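What Swiss-Prot records for this protein:
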ACT_SITE  Cys421  active site, cysteine persulfide intermediate
BINDING   Ala168, Thr169, Asn248, Gln276, Ser296, Ser297, His298, Thr336  pyridoxal 5'-phosphate binding site
BINDING   Cys421  [2Fe-2S] cluster binding site
MOD_RES   Lys299  N6-(pyridoxal phosphate)lysine
TRANSIT   1-33  transit peptide
Amino acid sequence: MLKSTATRSITRLSQVYNVPAATYRACLVSRRFYSPPAAGVKLDDNFSLETHTDIQAAAKAQASARASASGTTPDAVVASGSTAMSHAYQENTGFGTRPIYLDMQATTPTDPRVLDTMLKFYTGLYGNPHSNTHSYGWETNTAVENARAHVAKMINADPKEIIFTSGATESNNMVLKGVPRFYKKTKKHIITTRTEHKCVLEAARAMMKEGFEVTFLNVDDQGLIDLKELEDAIRPDTCLVSVMAVNNEIGVIQPIKEIGAICRKNKIYFHTDAAQAYGKIHIDVNEMNIDLLSISSHKIYGPKGIGAIYVRRRPRVRLEPLLSGGGQERGLRSGTLAPPLVAGFGEAARLMKKEFDNDQAHIKRLSDKLVKGLLSAEHTTLNGSPDHRYPGCVNVSFAYVEGESLLMALRDIALSSGSACTSASLEPSYVLHALGKDDALAHSSIRFGIGRFSTEEEVDYVVKAVSDRVKFLRELSPLWEMVQEGIDLNSIKWSGH
């Protein structure tokens, strides 16, 4: 008779430590079916904290009511992670009171329903999804494939076209390096734009060192590319066009469908970095002729450390993998997948599709209120196209105020002056430079990010706080004093000393 793994472990332990096997047997807990108390809280899909209400207290009460209806207690809901939704008012951290969070382009808070989905994969369902000889592997592999289907459904793709990665940076590198390397004997030219994310720009520059030529398209003062310039840049040896769908600093939405049509007509692969667009704007890879698309989980209220790349199968896109190994993910991305992250990513994608209309209406309403309030102050400018912009990303320049000074003055609000990936640099935004903004305006820009869990009272507070502190900082500025006196600063010949 075959012994179970647990029984064999008990026998070995009793022999090594000379302790009766019955002692270990009495303490044995079936790990496979163990579930911690917090993991047992199941939040109803309809729990949408700020989608249907603007007051966090009311939203918490709504969550508690739903938990009570499902047989749990309000305390259990709080323990399961609903306190994460009151992120603006948490105390007892190493940095004092938690500020209001309006930096959604950097990352989004994990939805409690996503966390709830992930927990069981840290306890009972811990099998390797690539182990196909026993139920531990079958269980997690089923969950992985279900998640893959949810990720694909959001963009009308085939699940087999979704390759899981560690995030959008890896996905972008796979494309910018993998496609040109595969076609390097006949195709030596890449086209991208000057306002792409740093990982795309750096990957393109890396390919220049390998002998490829890269054309960086300009954008107009609204942040949009010129389609005629794109067509003129295409050469017989062009292998790839990469254009970001939604810009991470100014939220501008590029004409993806038109770009896809141009690329398909010229038989060139079209890649779009959709880290800021996936689940937030309508994307159909077939309708838009997209061949490759990068996705990030933590931008859609999912876990960090997981992302995906869409790779078209018909017509088939070929690329060299960055990683060598066991040939997982159809040979394009070797390495053992993390089922908790993949499952969380899939649940986040499912919720984004399910709540798409409600989320968009909520974010648009708060964005309109924020923009109206911020632009009511004099000498403020909305950066990027007002007509082709994702509402959840608002980038405003406050003339005669240093952006870093304003950020420090707004310590009770979590904001940024540009991409989180380059926030350590004090250089003005290269994206705003590409729009033709001078150093002064580029330095004075602040990015506001609105998301699913943002509230109307937070927006009201932010508008008032920003207006008050901009006024205070301007009163300290000699340049502002000169402007108030009617002096044209552009007419002054500044000394170089």
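Glycine is treated like the rest: Cβ placed from N, Cα and C.
Other C-beta atoms found within 10 angstroms of the C-beta of Ser296 (pyridoxal 5'-phosphate binding site) number 28, with every protein chain shown included. In the three-state DSSP assignment, the secondary structure recorded for Ser296 (pyridoxal 5'-phosphate binding site) is strand.
Taking a C-beta cut-off of under 8 Å and a sequence gap of six or more, Ser297 (pyridoxal 5'-phosphate binding site) has these contacts in its own chain: Gly167, Pro303, Lys304, Gly305, Ile306, Gly307, Ala308, Leu341, Gly344, Phe345, Ala348.
Taking the Cβ of Thr169 (pyridoxal 5'-phosphate binding site) as reference, residues of its chain lying under 8 Å away and at least six apart in sequence are, in sequence order, Cys199. Long-range neighbours of His298 (pyridoxal 5'-phosphate binding site) (same chain, six or more residues apart, CB within less than 8 Å of its CB): Thr107, Thr108, Thr110, Gly167, Lys304, Gly305, Ile306. In this structure, the C-alpha atom of Thr336 (pyridoxal 5'-phosphate binding site) lies 23 angstrom from that of Lys299 (N6-(pyridoxal phosphate)lysine). The Cβ neighbour count for Asn248 (pyridoxal 5'-phosphate binding site), using a 10 Å radius over every protein chain in view, is 26. Cα of Ala168 (pyridoxal 5'-phosphate binding site) to Cα of Lys299 (N6-(pyridoxal phosphate)lysine): a span of 10 Å. With the fewest other Cβ atoms inside 10 Å of its Cβ, the least crowded of the binding-site residues Gln276, Thr336 in this structure is Thr336. In this structure, the CA atom of Asn248 (pyridoxal 5'-phosphate binding site) is 11 Å away from the CA atom of Lys299 (N6-(pyridoxal phosphate)lysine). The local packing around Ala168 (pyridoxal 5'-phosphate binding site), expressed as other Cβ atoms within 10 Å of its Cβ over all shown chains, amounts to 27. Residues near Lys299 (N6-(pyridoxal phosphate)lysine) in space but far in sequence (CB under 8 A, at least 6 apart, same chain), listed by position: Gln105, Thr107, Thr108, Ala168, Ala275, Gln276, Tyr278. The pyridoxal 5'-phosphate-binding residues named in the record, Ala168, Thr169, Asn248, Gln276, Ser296, Ser297, His298, Thr336, extend over a maximum Cα to Cα distance of 30 Å.
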